[in-house]
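Enquirer: Following this message is one structure expressed as structure tokens.
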Amino acid sequence: MPASARVKGRPASPGYAEGRIHLARDTHDSDYVPASSAEGETEALQTAIAVAISGLQALVDSAAGDAADILEFQLAMLADDTFFEVASGKIGEGVQADIAWRDALDEEIAGYLASDDEYFRARSADLTDIRDRVLGALTGAGDAVIPAGSIYVGDDLTPSAFLSHDWREGGIALRRGSATSHVSMLARAAGVPAIIGIGAVGLEDGASALLDAEQAMLIAEPDAGERADFHAAHERYLKTMRDADRNATQPAFTADGERVEVFVNIADPSEVDAIDVATVDGVGLMRTEFLFGGVHGLPDEDVQYMAYRKVLEWAAGKPVIIRTADIGGDKPIEGYSIVEDNSFLGMRGIRLSLRRPAVFRQQIRALLRAACFGKLKVMLPMVSVPDEIDRAMALFEEEASLLEADGVDHAMPDIGIMVEVPSVAVQPARFSRAAFFSIGSNDLTQYVLAVSRDNADLSELADPADPSVLGLIENIVDAARAQDREVSLCGDAASDTRLVPLLLQTGLRKLSVAASRIGVVKEVVREWRKADPAPGLRHTA
Amino acid sequence: MNGEATEEVIITHKVGLHARPSVKFTKLAKTFPCVIEIATSPDGPWIDAKSIVKVMAARAPEGTRLLMRANGEASLDALAALKGLVERDFDEAHSDASLG
């Protein structure tokens, strides 16, 4: 029996998991050992395609609705001999099977990406999936089938890989990763325990392990004492969560009686099905990127309209803040966003929307139509100068009059902004056309401290509790109060029980949190009492 | 009914001959024994209507005049069936066209 090994990381999503380690395997061309003849290579490719087809077929059989249709499409593309013929032609010229297949697909993908039709460009993601599925079968790397209940250990995890796995009972430990990356957000929203930054430690595939995401610790081959401690800590955690859940439908008041509104962040409209609307004061952030980014490609107006309407109807009159597409940065969309260096400082959020008005107008029309079904507020991401608000508002006005002319039911929502760019945080009074402010603490932190969110080596610097960040938050809250404007915070900081007291201290009284954190954040609020200003903080309330 | 047949139809489906429509189109084409080809221009290129990779690559958006020709057994039936599918917007409800 090997000795236990403890690996320390940083917390990304709270919780406990016990299971076997599943080590991610990376696909590298160099892993592939070619057959000795072209015939052997062609045969190997044929076998790999057959394996990929049966893998896809199994997925189709267990999928439903849109997911099944998408897989069906991939299956049909894969079953078509065209790609195989192109690749075997290359093999005949002496090219190795894996490279021949990759080249054949990459040529096709390039054709899709060059199209000026956005639906068509977005389909390139399906071809990439097909390509990698066959390469996986060919090189024996296997597709990313993660056994249920295991603890995934890898460099990083893509959002789509996260979304395609059922994580119940399981957990995630990433060698790199970042607490503010998409997969961490998804893990928190889904309540999947996750830690990051465990580094290049040696871990054995299949080893039994305990993941304590509260202490950010992964223990491989634990001994009896470690198991007992783990189970005790897990029990305590579950009890706290149960208490939080029991009181979740009660509004949150601080210990000295001040009301704090707690909203929920959602990424996909279907998430609201699992949330009791009585536990929240509304939706503080509905992302729309996932609607754009999934296997669906760019959604048309009606798909968006139905998604927005669903959430507004669920909220039953409580406010719903929907953020227009925040694409770019770490959320690129194939065929839509622009490939660039330093994407966090580039064409993302409102900048991209204003650059691609046809797509933006479609989203605006869907929002205007959905606004009839509840208390909709629309939020513009990545605003850095007031002119961007004016330009966006002009588009809302134009689309509203077009809908009016067509006799289509619609309503004009309040239009506010995300405060995440320092130019806004430093002088919020300049942005008085915004109907409300919502602080994006993840981006604000990265921009104020000049730390890229996707750089794991610097993630300790990316601290939302940094006095400069908290000072700016206080500045925004003060400015909003002075202009009688609502201000909330929808970044990850609001879901972090260690940070909530600091945020309340800045004067914030509206927090928007991950669905799995509603109860615990309310519990923290209930215990909090206005105190003397923390060092370096000015008391405002 | 053997022999050559030609037909044409305007694509009215909102996102054109994209992913899901192409799956249906090529699946239907494959049920007929004859050779079936489609083109978006009389000068071609004429492409195999049974290959989804090639049909997708034709990138026929809404409003495209789709030319079809078939040669062999059941050629007339094949084109009538395919034309019907395109005219019925590939039997899809308008609202779930997002997959394209």
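Here the Cβ of each residue, glycine as well, is placed from N, Cα and C on the backbone.
TrEMBL: automatically predicted annotations, no manual curation.
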Enquirer: Please identify which of A:ARG433, A:ARG453 is recorded by TrEMBL as part of the phosphoenolpyruvate site containing A:ARG287, A:ARG323, A:ASN442, A:ASP443.
Expert: A:ARG453
Enquirer: Please report the Cα separation of A:ARG453 (phosphoenolpyruvate binding site) and A:CYS490 (active site, proton donor) in Å, rounded to an integer.
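Expert: Here the two Cα atoms are 16 Å apart.
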Enquirer: If proximity means a C-beta under 8 angstroms from chain B, which of A:ARG287, A:GLU420, A:ASN442, A:ASP443, A:CYS490 count? These are the recorded positions.
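Expert: Near chain B - Cβ to Cβ under 8 Å - we find none.
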Enquirer: What residues, ordered by sequence, lie under 8 A Cβ-to-Cβ from A:ARG287 (phosphoenolpyruvate binding site) and sit at least six positions away in the same chain?
Expert: A:ASN265, A:ILE266, A:ALA267, A:ARG323, A:ASP326
Enquirer: By a simple count, how many Cβ atoms lie within 10 Å of the Cβ of A:GLU420 (Mg(2+) binding site), its own Cβ left out?
Expert: 26
Enquirer: For the domain 'Phosphotransferase system enzyme I N-terminal' (A:8-123), DSSP counts of helix, strand and coil?
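Expert: Summed by class, the stretch gives 77 helix, 13 strand, 26 coil.
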Enquirer: Starting from the Cβ of A:CYS490 (active site, proton donor), draw a 10 Å sphere and report how many other Cβ atoms land inside it.
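Expert: That number is 29.
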Enquirer: Taking A:ARG323, A:ARG453 as the binding-site residues to compare, which has the smallest set of other Cβ atoms within 10 Å?
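Expert: Among the binding-site residues A:ARG323, A:ARG453, the lowest count of other Cβ atoms within 10 Å belongs to A:ARG453.
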Enquirer: So, three-state DSSP: helix, strand or coil for A:ARG323 (phosphoenolpyruvate binding site)?
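Expert: In the DSSP reduction, A:ARG323 (phosphoenolpyruvate binding site) maps to strand.
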